[in-house]
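One structure is given here, and the rest of the page talks about it.
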Amino acid sequence: MSIQLKCFALQKKPSVSDNLEYFKTTLSSSAFMPLLMRKVEQVLSMQIDVSKTFKNTSTKVLDFLVDSMFEFVDQSLLPSQSNFGPVDELGGEVVITSSIRGKIPDDFPEGVYIRNGPNPLFGGLKSTKSIFGRSSHIWIEGEGMLHALYFSKDVSDGSWTVRYNNRHVETETFKLEKQRNKPCFLPAIGGDSPTILSAYLLNLLRFGKVNKYLSNTNVFEHSGKFYSIAENHIPQEIDIITLETSGNWDVSGAWNRPFTSHPKRAPGTGELVILGIDAVKPFMEIGVVSADGKELIYKVDLKLDRCSLCHELGVTQRYNVIMDFPLTFRHKQTCQWRPISKVQSGKIARTGVMPRFGDASSIHWFKVEPNCTFHIINSFEDGDEVVVWGCKALDSVIPGPDMSLNQCGWLPRRFKPADPSKENNNDDISAEDGKLFSHAYEWRLNMNTGKVRERYLTGKEFSKDFPMINGAFSGVKNRYGYTQVVDSIASSTSGMLKYGGLAKLHFEEPADVSSRNESQLEVETHMFEEKSFCSGAAFVPKQGGLEEDDGWAITFVHNEDTNISQTHFISESFNHLKTSLSSAAKPLFKELQQLPIKKVNNVSETMKNTSGKILDALVNSMFKFVDQPLLPSQKNFAPVEEIGSLVEINCTEGEIPPDFAEGVYIRNGNNPLFGGLKSAVSIFGQSHHSWVDGEGMLHAVYFKKDQNGSWIISYKNRYVETETFKLEKHIHNKPCFLPVLQGDASAVLAALLLNWLRFGAVNKYFSNTNVFEHSGRVYSVTENYLPQEVDISTLETLSDWDVNGAWDRPFTGHPKKAPSSGELVIMGTDAKKPYFVLGVISADGKKLHKADLKFKRSVLSHDIGVTQKYNVIIDHPLTVDIQRLAMGGQLMKYEKEGFARIGVMPRYGDAESVKWFEVQTSCTFHILNCFEEGDEVVVRGCRALTSLIPGPDDDVGFNNQFEWFSKGFNFAHHTKDVSSADDIFAEPGYFFSRVYEWRLNMVSGEVEEKNLTGTEFSMEFPFINDQVTGLKHKYGYTQVVDSKASSTCGMGKFGSLAKLYLEESYATTSEEGKCEELIKVEYHKFEENNFCNGSVFVARHGGKGMEEDDGWIVTFVHNEETDVTQVHVIDASRFGSEAIAKLTLPQRVPYGFHGTFVSMPSQS
């Protein structure tokens, strides 16, 4: 881009900004993750006590890591791309008056014609290759270089002196790399997503910013000062005489975000209208800078719901004009292995018109046909209409093709204006031909009716872009516009845009119909000689000119045959004056530079082998693991050691009934390695394990009869040895995986990426949630990975279970066996698409049916339901969102304002067959049971108003989460406005979980919801007699929260059990005075300071066909006063009575999660 600036004194002036602090730590770092950057800066300065030695070591390790793992390689240029290569700085002005051909007009103004463009350091644009793949600079990157022509007139004889100079814009990142004298920033826009993610993190770790400040796009003047700009940072002030970079311009500290490359001066007032886009909210802000440049007199968030790469804004006398088209910047896409910036087909395009000092609510949005419009020619008011003229294409040349496409074929074909040829009809990209062809276009936006009239102003003869006008007519109705004209043949041949001429648009003169031109208006073209191409064209008005087109178009023109660059003047009549200036310098650099290189895969084995060691050294030097302390009241959440062998239980109170089934009562739970849960401390902040983390340990009680019918009871525990367990325990013998569920967003993001780079997994496979049996085999599971098959006799971990290779994603912690068929219904949720997949495994465990349910968000759905015909899906607003994390929020969060719904689908259905029922927003982890009754599907589960997982929001803070948990457990009867309170701590009783019933009418679509158990006790971890799974049932059971003990401890403790009589009810009056019907509940209470976990129902041996409650409840019970754990056996039919047997275990069993009973008759 270029402008012409008036400059009447050519002697050197001191820079206005010499004394500005160059490195401004309070500014946003780039167009990506400024919020995250601010968090890192806070961490560096105040959050953590990290020793200076620690920091210095980290920097050296990071540099060594990059040097050893990444190799910078040049992106090669074709011969037809030679003038996209960089040039050297001249080092001072060069007089080029003698090279003038023709005559510079006498009334041409004195001043400076200056143009910006990318001019990469170190020989050209780079790619990197590493074990993660490759990343590449894209064609718009490269350090900015200013090219300036100085026109001065001798006062005595009127003769012209013309000087040329060039100089890099010295941003702080330019200085950094120049000082090191080598490429340092890893390319972070184009390439393989894993490499881009690595580049983001490593650039951020080393330099505090994810990409370089290029300042290569435009030059503008305001209030007598001159600035260079690219929209990923704020402008740099330039000394127009020397081209020296003076410092950053943040409008007296008031503008702290990226800055548009095309600010516009408001007609009449001289105020500068600017905008700034960002990849995090606020996505777009408009600003108005005072005419003297000293004050940001207005700034407003436009409250866009996406980051649209709006390159230019328009102004009229009263309005600002905003282009919101679907070229979006979404870092979440990279986390899902997609391009970070892309035109989203099918998404809306719209143009907004807002009063100069309006806000988001004052914008009048007009929906327009999908387009990609980088450049606006002009905007103005015409009666009730706001008219916008711009250069419209159907796709964007930024950033380039998807990684899956052939890049060398992608660019040329899209320059073609013609339709796809017949021979290309089967080519998967032929349908995209011509999508980069840019037309002059008009939108007429009626501010009264809201209607839009759109039309092409120019036809398909030439593609036009880089428009310009007489600057005096910016924002008011104008008669003429100018553009550069694409040479389609040369562009298609080289694979890069080349401009072979200029066009003059006569907006008030219609096209000559006899010419059969598709253009709507008269267009004059000025074409250069063959193989001569222009860039940086600007309009220079004549001093004292009367007409709008009194002046000259001035442009750089490069002849590729002679390799000489010139500056050409074109008069108002659009005839060439035969006046040009030849530069003795090397060829000038254009706005477009390079053809993307092919994917690099040849990474040396040495590099691969070195990488693991370097990454380990990086983590060891930058991160410190510290224990998360436990309160005295939390001591039974601490881990225990493996016993190592089966231990017989001889201490028994009461007797085990003779018709109790032989088998194994087995429970899973978290038992962290290396002494307990950890936090990781680093320069990024802290990340923590959540209370649900920790390696899985199985606790098994074996019930077996001897030949005399006497019971032999024994106990054993053992870790579930997942791949990540083996890695930490047997290979490294220390914590290796960084915690990722809680903590500072910057620390969690760093942990996710470093875990993945080192181990190929973002988190450990804990396998600590549940145990289940299918087809005679037993499995341990947590929903972040596959199940592990376990030898039930020895508790040895055998292998992962992927259903013969058919299931390749996470696996629910609560699979359900379908009634009658014995099929196992499963699901798998994930943080990337497909977010939710449901599966049905055959009864023999060998075959799988699966269906993507096409969720639009990633939800942590913990349980699934079954009936005789249907599967039941819980979709509640506990979401996992990588984009939210990158914006400074939590990776996992319960969204109180989100929606909740329940889906019912046929057993072998698909996404289209799911019938969805919207229900009151809630969090339901556990389903008691589901069944069909007439037209209804009945779902019963434990419903709360928020989630304990993963823990409190960041604004609560890790040190305050005890209070957060305690308050949430302390049930003080809910008031009507409890959900509207804004206290950062959990509301009283928010974790209070009721047994709830949803009746879903499959015919009418109606839902009936009701609380079954009132507000006396909080109930969770429900279970039933497994023989009635999916069928109508009479009884259910839950563990009952001891609210007082839980509030004191800050963790959930269960002081009793509840038996639910689902067919027996009574009437009562609610707190609001309403009559409600509740079910009968019977309680089995333990002694004071005794708490249960892992409860299951064990049916009487041979009891099939008898009463549903004919059996026993078996549960672990821990006495916190004696620190002794027992297993209690409770007669389900005499539920309120004392346990019939209590088995004292040889060691303490920590509180855990879910269990099961696996029948194992002696003969088997």
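Cβ from N, Cα, C; glycine included.
Reduced to three states, the DSSP call for His814 (Fe cation binding site) is coil. The Fe cation binding site annotation in TrEMBL covers His814, His862, His926, His1154.
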Among all protein chains shown, how many Cβ atoms are found within 10 Å of the Cβ of His1154 (Fe cation binding site), not counting that one?
23
Enumerate the residues of the same chain, His814, His862, His926, His1154 excluded, that satisfy the criterion Cβ within 8 A of the mean position of the Cβ atoms of the recorded Fe cation site; list them in sequence order.
Thr769, Asn770, Gly813, Asp863, Phe925, Ile927, Phe1021
Local Cβ density at His862 (Fe cation binding site) - other Cβ atoms counted within 10 Å:
23
Among all the protein chains here, how many other CB atoms are within 10 A of the CB of His814 (Fe cation binding site)?
21
